[in-house]
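Notes for the one structure printed next.
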Amino acid sequence: MPKKKTGARKKAENRREREKQLRASRSTIDLAKHPCNASMECDKCQRRQKNRAFCYFCNSVQKLPICAQCGKTKCMMKSSDCVIKHAGVYSTGLAMVGAICDFCEAWVCHGRKCLSTHACACPLTDAECVECERGVWDHGGRIFSCSFCHNFLCEDDQFEHQASCQVLEAETFKCVSCNRLGQHSCLRCKACFCDDHTRSKVFKQEKGKQPPCPKCGHETQETKDLSMSTRSLKFGRQTGGEEGDGASGYDAYWKNLSSDKYGDTSYHDEEEDEYEAEDDEEEEDEGRKDSDTESSDLFTSLNLGRTYASGYAHYEEQEN
């Protein structure tokens, strides 16, 4: 019979478990809350951007730089960790910084721990937006991570990507390797797998976690827990509705697509008809003026002599 646990032993085990969870949570900080990805407002141009050493827009240096590892703006010298000793003096500004990170483009303070660990553990090492393929140095916004596929996203594409992330590349929920229903979905490959085909010889499943994707190794999720949808294709001859004369095809498809995209265009059509009618009237008026000038030019050199219209005809009759 095992010995019964005492109260002190239970408390010690619970304390060790809590400390273990705290250590794990410190190592995995949320990307949006990390100091190197914090929001910063430039002192000169007043534009909000990601925490960086120099302003992305005006290249000015900030008065109070933020450390990319610990997030502090003032070094109080409470520990002997500083590389540059400043006993009894609080250092701020450029006196506090020690380096610039090549990955996140932010200041790192002169603490020995921050200088030695940040470059290896920087969360923005390979931060490239999966939609626009821009890195930290290519745009001034912050970097985010998709809640479903865990890929990097820039500030411009985060909402649009996450709205369309749970869409499979297939037209059904069946496994890509067989015809059975896919119970596990990989949100990076956008594919479903059954229980048998999630077992991979390359990627091993960790205890207490979902099986990895056999293609990319990303952790899969159960399809029933997600709001997955399948890909829908709109072909011209299949989606074009029949018109009044019974004709259907690509012409009807493009008309339906344009009406769905731009809404009702009857008002614009009426304006175009009016403009065309005005242009036709102007062309007709110009044509009439040209014909009148041509006919008058023809009869200018013509001499008919004395006629009844000229008033000399009665003199000729009296002489005869």
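Each residue, glycine too, has its Cβ placed from N, Cα and C.
According to TrEMBL:
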| type | residues | note |
| --- | --- | --- |
| COMPBIAS | 10-22 | compositional bias 'Basic and acidic residues' |
| COMPBIAS | 216-225 | compositional bias 'Basic and acidic residues' |
| COMPBIAS | 269-285 | compositional bias 'Acidic residues' |
| REGION | 1-23 | region 'Disordered' |
| REGION | 206-320 | region 'Disordered' |
I'd like the per-state residue tally for the compositional bias 'Basic and acidic residues' (10-22) from DSSP, helix first, then strand, then coil.
13 helix, 0 strand, 0 coil
Tally of DSSP helical, extended and coil residues in the compositional bias 'Basic and acidic residues' (216-225):
3 helix, 3 strand, 4 coil
